[in-house]
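**Q** Okay, so TrEMBL annotates it like this:
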DOMAIN    7-91  domain 'Shikimate dehydrogenase substrate binding N-terminal'
BINDING   Ser15, Arg16, Ser17, Thr64, Asn89, Asp105, Tyr216, Gln245  shikimate binding site
ACT_SITE  Lys68  active site, proton acceptor
BINDING   Glu80, Gly130, Ala131, Gly132, Gly133, Ala134, Met214, Gly238  NADP(+) binding site
DOMAIN    118-191  domain 'Quinate/shikimate 5-dehydrogenase/glutamyl-tRNA reductase'
DOMAIN    238-268  domain 'SDH C-terminal'
Amino acid sequence: MIAQYAVFGNPIAHSRSPQIHRLFATQEGANISYRRILADRQRNAFADAVRGFFASGAGGANITVPFKEYAFDLADEHSEQAQASGAVNTLIPLPNGGLRGDNTDGAGLVCDLQTHLQTSLRGKRLLLLGAGGAARGAVCALLDTGLAELVVANRSADKAQVLARRFGIAATGFHALPPNYFDVVVNATSAGLNGEVPDICPAVFGQCVLGYDMLYASDKTAFMRFAAASGATATADGLGMLVRQAAESYRLWRGFTPDADAVITALRRRPRKEGL
Ligand code: NDP
């Protein structure tokens with residue numbers, strides 16, 4: 001039987017995960033099925049859909065918005081990354097019929113940042129903008145890199161405080177950020193979905209060597225343009241993070257480590273009409 005995989009989300013039609021995982025499977029020389037599943041937003045209906053998928057012998061699943069916290073509750077055991085973030089983006093079947101929950105988003109981000117920087121994050125001062133699911137999934141992996149400092153800032157400063165307390169890091173609102181201080185600025189807000197940028201002072205980018213937007217698009221995002229115009233030496237979007245987190249999920253399921261760089265190159269060559 002062909003190994004079955006899927007990504008659960010709502011909405012899900014935009015997901016590039018099937019394309020990415022099929023490219024990984026080609027690299028492995030494996031024949032797999034990977035599909036999108038539009039799950040009902042109700043917790044119980046989501047849980048039934050996932051359990052049914054694994055009861056039919058599935059080899060693994062990815063979980064995306066808005067189900068990562070439900071997937072955390074559904075898992076019988078958790079990786080350290082999943083435990084720390086309280087969210088699961090990868091489910092792996094266990095031999096006893098249970099499910100292991102992992103979160104590969106943070107690993108994908110760290111790997112992509114280091115690829116763009118061409119060096120490790122050790123000793124760097126990193127500003128993380130946003131305090132939603134994407135930011136929460138990133139903090140634990142970022143803290144493992146030996147950063148000199150990690151500061152989280154959010155439009156609603158109280159949400160940044162909650163995140164910061166959870167991980168023992170510093171938090172602030174957008175308007176209290178120091179100028180000329182951060183080496184790397186990561187945008188984990190969803191402002192770019194409306195073509196907006198976080199309302200921060202351009203001088204925040206004064207020492208910035210990389211302005212990184214988790215959002216990805218066929219062209220430079222609004223945040224990348226803002227960072228570059230404000231003095232950031234380089235900018236990047238989040239396509240690499242997306243592919244690298246997928247590669248880590250694939251490795252966890254199949255024990256094969258895909259060549260993420262080759263897939264990123266292929267996707268950039270073949271952008272979808274609606275933006276990558
Ligand atoms: P959430 O809805 O969980 O969080 C949204 C965050 O964005 C909140 O911190 C919110 O602040 C902030 N925000 C929204 N609008 C604005 C605005 N106009 N100005 C400033 N801040 C704003 O979203 P996620 O965390 O799941 O996703 C965030 C982004 O990351 C999305 O663009 C998503 O596409 C991207 N992403 C990319 C991934 C990848 O693999 N490349 C993986 C996961 C996410 P407040 O609390 O004040 O409302």
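The chain as shown is numbered from 1 upward.
Cβ coordinates are placed from backbone N, Cα and C, and glycine is handled just like the others.
TrEMBL labels come from automatic prediction, so no person has curated them.
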**Q** Restricting to the chain of Gln245 (shikimate binding site) and a gap of 6 or more, list residues whose Cβ falls under 8 Å of its Cβ, or answer none.
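**A** The list for Gln245 (shikimate binding site) reads Asn89, Thr104, Asp105, Ala107, Gly108, Leu109, given in order along the sequence.
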**Q** Give me the Cα-Cα distance between Gly133 (NADP(+) binding site) and Ser17 (shikimate binding site), rounded to a whole Å.
**A** 18
**Q** Rank aside, I only need the closest one: which of the binding-site residues Glu80, Met214, Gly238 has its C-alpha nearest to that of Arg16 (shikimate binding site)?
**A** Gly238
**Q** Out of Ala131, Met214, which of these binding-site residues shows the lowest number of other CB atoms within 10 Å of its CB?
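**A** Ranked by other Cβ atoms within 10 Å, the binding-site residues Ala131, Met214 bottom out at Ala131.
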**Q** What is the three-state DSSP composition of the domain 'SDH C-terminal' (238-268), stated as helix, strand and coil residue counts?
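**A** Per DSSP, the residues of the domain 'SDH C-terminal' (238-268) fall into 25 helix, 0 strand, 6 coil.
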**Q** Under a criterion of Cβ-Cβ distance under 8 Å and sequence separation of at least 6, what residues of the same chain contact Ser17 (shikimate binding site)?
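**A** Once residues fewer than 6 apart are set aside, Ser17 (shikimate binding site) is near Val7, Tyr34, Arg36, Asn62, Thr64, Ala246.
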**Q** I'd like to know which of the recorded positions listed (Thr64, Lys68, Asn89, Gly238) lie near ligand 1, counting only a CB under 6 Å away.
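**A** Those recorded positions that pass the cut-off, since their Cβ is under 6 Å from ligand 1, are Gly238.
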**Q** Which residues does Ala134 (NADP(+) binding site) neighbour through Cβ under 8 Å, counting only same-chain ones at least six apart?
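**A** Looking at Cβ-Cβ distances below 8 Å from Ala134 (NADP(+) binding site), excluding near sequence neighbours, one finds Asp105, Ala188, Met214.
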**Q** Which of the binding-site residues Ser15, Ala131, Gly132, Tyr216, Gly238 has its Cα nearest to the Cα of Lys68 (active site, proton acceptor)?
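**A** In terms of Cα distance, Lys68 (active site, proton acceptor) lies closest to Gly132.
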**Q** Measuring Cα to Cα across Ser15, Arg16, Ser17, Thr64, Asn89, Asp105, Tyr216, Gln245, which the record gives as the shikimate binders, how far apart are the two most distant ones in Å?
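**A** 18 Å is the greatest Cα spacing among the residues binding shikimate.
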**Q** Do you know which of the binding-site residues Thr64, Glu80, Gly132, Gly238 has the most other C-beta atoms within 10 angstroms of its C-beta?
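**A** The residue with the most neighbouring Cβ atoms within 10 Å is Gly238.
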**Q** Under a three-state reduction of DSSP output, how is Gly130 (NADP(+) binding site) classified: helix, strand, or coil?
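**A** Going by the DSSP assignment, Gly130 (NADP(+) binding site) belongs to neither helix nor strand, so it counts as coil.
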**Q** Judged by the number of other CB atoms within 10 angstroms, which among Ser15, Asn89 is the least packed of the binding-site residues?
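**A** Relative to the other binding-site residues in Ser15, Asn89, Ser15 has the fewest Cβ atoms within 10 Å.
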